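According to Swiss-Prot, the protein carries these features:
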TRANSMEM  4-24  transmembrane segment
TRANSMEM  35-55  transmembrane segment
TRANSMEM  67-87  transmembrane segment
BINDING   74, 77  Na(+) binding site
TRANSMEM  99-119  transmembrane segment
């Protein structure tokens, strides 16, 4: 039961953070491109990679992992918003922007996870 509670709390925090970061990023840009969702997905990918490397090194409990990876980062990043933004771009005839969104989200997300893992491992090496 505690794991479910941690998932709910983590998801609520992640969702609130996603709303704030996404809204702020989108307002900062003057283009129709969905920078808000792209930014939370890239930031979240980096953070999940970073936290995963720390969780592996320090054997985080199943409850802590549930809070972080399923709750917090699951609430912060979102595939459904990415898909909706892409479909809206396609429906309005902005096919190049839609393709750019798909490529940027996937490529930058993978790079961000990779960099997060490397940073986490380097920090752990420095600490030990």
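Each residue, glycine too, has its Cβ placed from N, Cα and C.
Since the structure is predicted, the reported quantities are computational estimates derived from the model, not experimental observations.
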Candidates 4-24, 67-87, 99-119; stretch with most C-beta pairs under 8 Å toward the transmembrane segment (35-55): 99-119
Listed in sequence order, residues with CB under 8 A of residue 74 (Na(+) binding site) and six or more positions away: 10, 11, 14
Beyond the flanks of the transmembrane segment (67-87) by at least 6 residues, Cβ under 8 Å: 6-15, 17-18, 21-22, 34, 37-38, 40-41, 43-45, 47-48, 51-52, 55, 60, 98, 101-102, 105
Three-state secondary structure, which DSSP defines for residue 77 (Na(+) binding site): coil
